[in-house]
Amino acid sequence: MKFSTQKPKKTLHMVSLGCTKNLVDSEVMLGRLSDYQLTDDAQNADVIIVNTCGFIDSAKQESINTILSLHEDRKNESVLVMAGCLSERYKEELQKELPEIDVFTGVGDYDRIDELVNEKRSNFTSEVFLASETNERVITGSSYHAYVKLSEGCNQACSFCAIPSFKGKLHSRTLQSLVKEVKALVAKGYVDFSFVSQDSSSFLRDLDIKNGLELLVEEVEKIEGIKTARILYLYPSTTTLSLIDKIADSKVFVNYFDMPLQHITPSMLKIMKRGKGVEQLNELMNHMKSKPNSFVRTTFIAGHPGETEDDFEALCNYVENFKFDRANVFSYSDEEGTTAETRTDKVEQELIDERAEVLGEIISQTTQESLESEVGKTFEVYIDGESEEHEYLLSARKTIWAPSIDGEIYINDNELSEGEQIKFGQIYTVKITELVGDKLLATVIK
């Protein structure tokens, strides 16, 4: 009798917290650890990696709670790794306060994670890692959609944001590098792309090219096999009317405009160091909204130091009148090393939370109106697979929407009228029949 001499694969449990930019780095780590078997069973995993977020207080707390919870239940001989932004930002403090963790690393060693795990060694490379076409990634969560990172770092000086302090200045990839990566992903079957960075509209400005995103749109359009693409995280002062036109004229890029505004009054934009004045901002936003089938998403901060009742009221009125398709609101929190932290005109925490709640309710209403406007319409969707809600429903996403954040459409058929089975990851035309809560229901036409 022959017995197999092959050793069972070691297992890896990965938790990626925070933004989609973090997710790209997590996928690079998975690529470096491809000889491990991915598992949802954290308790018995040989290696556990948490790619942390250090953006705001709630994200920091989530990162700490997640890693301590995983430590509590893990097996003795496993390796627990803390990576990413929080680890980078507080490297000295965390290494002293969390002896439970075996390996600490920040934002510079994603492509060396296999070495650090094997050697059970912490390391903080001073240069921020930027994924390129040479990094083999394991794309997660989709068989047809991938995020592609344009750049790292940021040259803006927003009063409330500490990201440049640990991610550094803007560092763009070359256009050639991006094109190579996208072509390689298309060859693997990916057809839908979301381009991300801290400040996407500044792409290539560090290389003295001011219209980097327009060039990106032109080059991506030439790649055969791409069905749809979108750009996330535009910045007001580096977004131009010509860029909006370029996206709107594209046959590949959908009219998806994601621009965090943070506020709208002249005084608050000045305090927050947010570039363009209100008139130019309104011109940009109205230009986006004027495009056919446009989808406009943004974020706001409530309770930033210096925000008066008049400022907040003006912000609420603006959000109510503009009617964003989607928006988020964050409660202001002090971040070490920022100019906002040192201001003396702080808003009381109770009032910050109250304002965030009020603005959140307005946003919920405008989002609901956006969803209600879809009922009766016919449009194209990607069908992702079976819904988690019910085994007889399929989960779909409007092709213009970004994955995970913009909503979910339930399809109540699993085959076409000719009896042909619906294929996951494909585009179908559907008609929206009703809205139940915040979920759209649809039937497949073709």
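Every residue, even glycine, has its Cβ placed from backbone N, Cα and C.
Look at Swiss-Prot and you will find C19, C53, C85 tagged as [4Fe-4S] cluster 1 binding site. Taken from Swiss-Prot, the feature [4Fe-4S] cluster 2 binding site covers C154, C158, C161. Here Swiss-Prot flags 10-122 as domain 'MTTase N-terminal', drawing on sequence analysis. The domain 'Radical SAM core' feature in Swiss-Prot is assigned to 140-369. The domain 'TRAM' annotation in Swiss-Prot covers 372-446 and rests on sequence analysis.
With a 10 A radius on its CB, C158 ([4Fe-4S] cluster 2 binding site) counts 21 other CB atoms from all the protein chains. Averaged across the domain 'TRAM' (372-446), the predicted model reaches a pLDDT of 89. Candidate binding-site residues: C154, C158, C161. Nearest to C53 ([4Fe-4S] cluster 1 binding site) by Cα distance: C161. Residue counts for the domain 'MTTase N-terminal' (10-122) by DSSP state, with H, G and I taken as helix and E and B as strand, are 55 helix, 23 strand, 35 coil. Around C53 ([4Fe-4S] cluster 1 binding site), taking its Cβ as the centre, 21 other Cβ atoms fall within 10 Å, counting all chains. Here the binding-site residues are C19, C85, C154, C161, and the one whose Cβ sees the fewest other Cβ atoms within 10 Å is C19. Broken down by DSSP into helix, strand and coil, the domain 'TRAM' (372-446) contains 1 helix, 35 strand, 39 coil.
Taking CA atoms as the reference points, C161 ([4Fe-4S] cluster 2 binding site) and C85 ([4Fe-4S] cluster 1 binding site) are 13 Å apart. Each residue contributes its Cα atom, and for C154 ([4Fe-4S] cluster 2 binding site) and C85 ([4Fe-4S] cluster 1 binding site) these two points are 14 Å apart. In this structure, the CA atom of C85 ([4Fe-4S] cluster 1 binding site) is 18 Å away from the CA atom of C158 ([4Fe-4S] cluster 2 binding site).
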